[in-house]
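Taking it in order: structure first as C-alpha cells, then the write-up.
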Amino acid sequence: MFKYIGDIVKGTGTQLRSMVMVFGHGFRKRDTLQYPEEQVYLPPRYRGRIVLTRDPDGEERCVACNLCAVACPVGCISLQKAETEDGRWYPDFFRINFSRCIFCGLCEEACPTTAIQLTPDFEMADFKRQDLVYEKEDLLISGPGKNPDYNFYRVAGMAIGGKPKGAAQNEAEPINVKSLLP
C-alpha cells in the first residue's frame, strides 16, 4: 500500500513540475521570429546568393578563367570566354543554376579577381526550376562588393595598347623565366 502512495506522490510531483515549466515558458523570450516582419540576424560570414562584381572603373571583374566552374563540387556554374579588342577576357555568358548550388563558397575562394562574391541574401524561392537559373545580367551588381579598391588588371600588369609589358611609366620589365633555368 505504501508503494501505491509513493507512486501517487511521484506522479503528482511530475505533473506539478511540468505545469511549472509550461507556465515559466509563457514569460520567456520567444525563440521563433515572425519572419518577414522581424528580420533574421545573419552572421557576417553568412554565405548566401552569389553575385558578380565590377572593378572600380565600372568594368566587369570576371576574366572568364573558368576556375569557379572547376572548383564547384556540383557543377552548377557554366561560362564561355570572349575577348575584347585590347586582349581583355570577359565571359560571353555566365550562368549559375541555383537549384543545384549548395552555397559552399568554393567558387568565391577560387576566383583570382574577386569577381564572385557571396552575399547575405537568402530569399531566392521560386515556383519553377528554370527561374532559378541566373544569367550574367541577373548576377552583375553595380558596385565593387567587398573589395572596393581591387582592380585585377592593375595588379596583373596587363600591357597597355601599343606598348609591350614593362614599357609603361613606373613599371618593371617582365622577367624572362627561361633565363632563370640552369
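Cβ from N, Cα, C; glycine included.
When DSSP labels each residue, the domain '4Fe-4S ferredoxin-type 1' (52-82) comes out as 5 helix, 9 strand, 17 coil, counted as helix, strand and coil in that order. Marked as domain '4Fe-4S ferredoxin-type 1' by Swiss-Prot on the basis of sequence analysis: 52-82.
The [4Fe-4S] cluster 1 binding site annotation in Swiss-Prot covers C62, C65, C68, C111 and rests on sequence analysis. Cβ neighbour count for C111 ([4Fe-4S] cluster 1 binding site) (all protein chains, 10 Å cutoff from its Cβ): 21.
Secondary structure at C101 ([4Fe-4S] cluster 2 binding site), taken from DSSP and collapsed to helix, strand or coil, is coil. Neighbours of C101 ([4Fe-4S] cluster 2 binding site), defined as other CB atoms within 10 A of its CB across all chains, total 18. Residues or ranges marked as [4Fe-4S] cluster 2 binding site in Swiss-Prot: C72, C101, C104, C107.
For 92-121, the entry in Swiss-Prot reads domain '4Fe-4S ferredoxin-type 2', with the evidence type sequence analysis. When the domain '4Fe-4S ferredoxin-type 2' (92-121) is classified with DSSP, helix, strand and coil residues number 5 helix, 9 strand, 16 coil.
The [4Fe-4S] cluster 1 site is set by C62, C65, C68, C111; from the centre of their CB atoms, other residues of the chain with a CB within 8 Å are V63, A64, N66, L67, L79, C107, A110, P112, T113, A115, I116.
Rounded to a whole value, the Cα-Cα separation of C62 ([4Fe-4S] cluster 1 binding site) and C107 ([4Fe-4S] cluster 2 binding site) is 12 Å. With respect to C68 ([4Fe-4S] cluster 1 binding site), the closest of these binding-site residues in Cα terms is C107, chosen from C101, C104, C107.
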